[in-house]
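Annotation source TrEMBL lists ATP binding site at 88, 89, 90, 91, 92, 93, 94, 95. According to TrEMBL, the domain 'Kinesin motor' annotation covers 6-346.
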Ligand code: ADP
Ligand code: MG
């Protein structure tokens with residue numbers, strides 16, 4: 001396979017929140033619907049071009065259909081390792097884009113129109129599974145990286161830390177992670193809800209329900225190979241395809257001062273920032289032409305180890321960069337847009 005772009009990153013600008021509107025924040029980010037994002041404020045004036053830009057009015061469905069997410073699901077069914085990750089400042093809309101507003105409870109689900117990329121992908125996957133004559137075996141695992149520790153979000157009881165190992169055949173992998181089989185949309189939606197409720201969150205100034213951990217939900221898709229009816233017994237080595245579809249909800253980048261974090265919270269913030277920095281570093285090295293590349297320091301953080309395959313190797317990755325339109329978030333918004341522009345130059349060989 002030829003080298004392909006890591007992903008044409010998609011940009012999503014969320015609407016101003018009530019708090020921002022009440023405070024009288026200016027909108028400094030504008031999109032003209034032609035794939036460009038304009039940032040204009042007193043001392044800054046910059047234009048960025050991307051293949052997909054979603055502005056404040058874009059629906060969850062438009063983001064699913066326009067970002068290439070449906071194709072990613074199909075590639076995963078075809079046996080590729082696919083990853084989608086949302087990144088951006090705390091409160092920029094990452095969790096909203098991936099999962100929609102969190103359901104209040106199992107009996108009070110969010111409105112279907114607001115469901116995020118994850119639930120839409122699950123529906124697409126199960127639809128395809130049915131049309132494949134239920135030949136797909138599906139299972140899910142759900143992990144979080146909190147303070148540089150990997151925890152299983154699906155195993156019952158208090159969160160347990162799992163070791164992250166490396167082997168020649170598997171690359172980096174998490175030992176003893178739980179993988180739960182599912183066959184219906186309800187079952188996978190419940191796994192997502194249960195796992196999300198166990199995720200570490202803590203309230204601070206920017207976002208009352210901000211995620212303090214990176215979360216990775218992986219769907220494993222095994223397609224059982226069709227055995228054509230024959231009279232001669234077939235060897236049992238008939239190939240079957242194994243793909244994965246991984247959703248990564250990154251904790252937000254932030255400056256400690258801005259969020260009023262202190263003590264335990266600033267340890268968290270430093271760990272979050274350190275792994276995001278490691279991710280940024282890997283991405284900028286990967287963006288160099290192949291001949292000029294040096295060693296990629298995946299080992300610098302748990303996050304980059306877990307994402308190594310999707311970033312550098314054989315995976316197909318979609319990045320959704322989330323930004324706030326508010327003048328208050330200007331410098332973070334510019335840094336997210338620069339980060340996404342760099343990621344555009346990364347190529348992989350799926
Ligand atoms: P993050 O995960 O990046 O910290 P959230 O996804 O939690 O941010 O979003 C912060 C707030 O903004 C939430 O209250 C969320 O409901 C709201 N929000 C984010 N994106 C949108 C959007 N596209 N449309 C409407 N509300 C949004
Ligand atoms: Mg979040």
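Backbone N, Cα and C atoms are what each Cβ position is placed from, and that goes for glycine too.
Please treat TrEMBL annotations as automatic predictions, because they have not gone through curation.
Look at residue 89 (ATP binding site): DSSP puts it in a strand. Regional average pLDDT for the domain 'Kinesin motor' (6-346) in the model is 83. Closeness to ligand 2 is met by 94, 95, these being the binding-site residues among 89, 90, 91, 92, 94, 95 whose Cβ falls under 6 Å from the molecule. Contact annotation for binding-site residues (89, 92, 93, 94) versus ligand 1: 92, 93, 94, each with CB under 6 Å from a ligand atom. Residue 90 (ATP binding site) has a Cβ environment of 23 other Cβ atoms inside 10 Å. Neighbour count (other Cβ atoms within 10 Å of the Cβ, all protein chains): 28 for residue 88 (ATP binding site).
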